[in-house]
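Features as listed in Swiss-Prot:
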type    : residues                                            : note
BINDING : ARG49, THR50, ARG99, HIS129, GLN132, GLY256, PRO257 : carbamoyl phosphate binding site
BINDING : LYS77, ARG162, ARG215                               : L-aspartate binding site
Amino acid sequence: MKHFLEISQLSSEQIESLLQRALYFKHTKQYPSYSQSIIANLFYENSTRTRISFELAERHLAMSVVNLDLQTSSEIKGEAIEDTIRTLAAMGIQYFVIRHKQDGLQQNLANKLGDTVHIINAGDGTHAHPSQAILDMVTIIEQKKRLDKLKIAILGNIKHSRVANSFQCICSKLGVGDLVLISPEIWQPSQVHFGRVTDNLNEGLEGADVVICLRVQRERLLEDDHLDLDFYRNNFALTQKSLSYAKPDAMVMHPGPMNRGVEIDSEVADGNQSCILQQVTNGVYARMAILESLIAS
C-alpha cells in the first residue's frame, strides 16, 4: 500500500488486516520500531482527535515526527501545497498526513508526487475520512462479531459528511447486513454508496445494533435558511427516548466533536451504551496499523 487515500481503494482483505493489526497493538502493546522513517503532519483544517491520534500513533512506532505550523509556514506567503511537500521531501521526509478542506486534494497530490512520497488522507472536505472508518469498525468488531447480522444506523448530516461516505464504503467492503442512513430530506445524499436512506428516526433506529451520531455543523445551519436547528433537535436528536427504539445493547458512537444537547443528549453520550471514548482509544491503534502498512510495503 503506497498511499492511504480512500476506503474504496482497499480490498476487503486489506481492511481486515488493518482491523486485526490494530487490535493486536491494543491488546499486546508490542510495537515495531520505524526510527528511520520521518513523517510530517499537515493539518489545513482544525483538528484535535485526528491530529493528536496520528501523532501518538507515529511516536508509538518510533517515527521521527514533524508537525508543520501552517501559521508560520510558507503557505502564508502563497506557497502551493505540492511545493511545500516537495521541499519537505527534499529534506528526507517520506510520509505526509494531510487534512484539507478541498475534496480530492490528497488524491491529486498522490498522482503528482506519488513516486517520492506517501500520502495519508486525514480528511478531505466532505469527501472521505478513511482512518475514521477503520477505527469505527475496530470499535464495532470488538463487541459485535458478525457484521453480516448487524443493523447499523448512522444519523445526521449525511450529505456533507466525509465520515458517512467512508463508513458506507467500509460497510460495503465488509458485508454489513443492514446500514440505514437517517437524515432530514435536505441533508440526504445525492449518491448512496451503500445502505438505505430514511427521514424517519424511529423507523431507522428500530432494532439497530449500532447507532452512529454525526455532528450537526452549526456553521452550515447559519448559512442556509432551510435548515432549522429546533426542527432537527425535535425530530432527529439521539435522546434516551429515541435510543430506546434500538436494541438494549446497541452501541452508541460519535466521531466528535459533539454538540451536547443538539444532535446527542449528555445522558446518551455518557451512558452505559456509549462507546465514544473507546473510539478515541482505538483511533491510535487503527492509525498505527495504517502507518505500519505503508512503511512495510
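If you go along the chain as it appears here, the first residue is 1 and each next one adds 1.
Using the three backbone atoms N, Cα and C, a Cβ is placed for every residue, glycine included.
Positions of Swiss-Prot features highlighted on the structure.
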| residue | record | DSSP class |
| --- | --- | --- |
| ARG49 | carbamoyl phosphate binding site | helix |
| ARG99 | carbamoyl phosphate binding site | strand |
| HIS129 | carbamoyl phosphate binding site | coil |
| ARG162 | L-aspartate binding site | helix |
| ARG215 | L-aspartate binding site | coil |
| GLY256 | carbamoyl phosphate binding site | coil |
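Within the group of binding-site residues (ARG49, ARG99, ARG162), the Cβ with the highest number of other Cβ atoms inside 10 Å belongs to ARG99.
If you take the C-beta of HIS129 (carbamoyl phosphate binding site) and look for same-chain residues 6 or more apart in sequence within under 8 angstroms, you find ASN121, ALA122, GLY123, ARG162, VAL163, ASN165, SER166, PRO255.
Separation of the C-alpha atoms of ARG49 (carbamoyl phosphate binding site) and ARG215 (L-aspartate binding site): 14 Å, rounded to the nearest whole number. Only GLY256, PRO257, from the binding-site residues THR50, ARG99, GLN132, GLY256, PRO257, place their Cα within 10 Å of the Cα belonging to ARG215 (L-aspartate binding site). Residues within less than 8 Å, Cβ to Cβ, of PRO257 (carbamoyl phosphate binding site) and separated from it by at least 6 positions along the same chain comprise THR48, ARG49, ARG215. Listed in sequence order, the residues SER47, THR48, SER53, ALA122, GLY123, VAL163, PRO255 complete the 8 Å Cβ shell around the carbamoyl phosphate site centroid, once ARG49, THR50, ARG99, HIS129, GLN132, GLY256, PRO257 themselves are left out.
When the binding-site residues THR50, GLN132, GLY256 are compared by the number of other C-beta atoms lying within 10 angstroms of their own C-beta, GLY256 comes out lowest.
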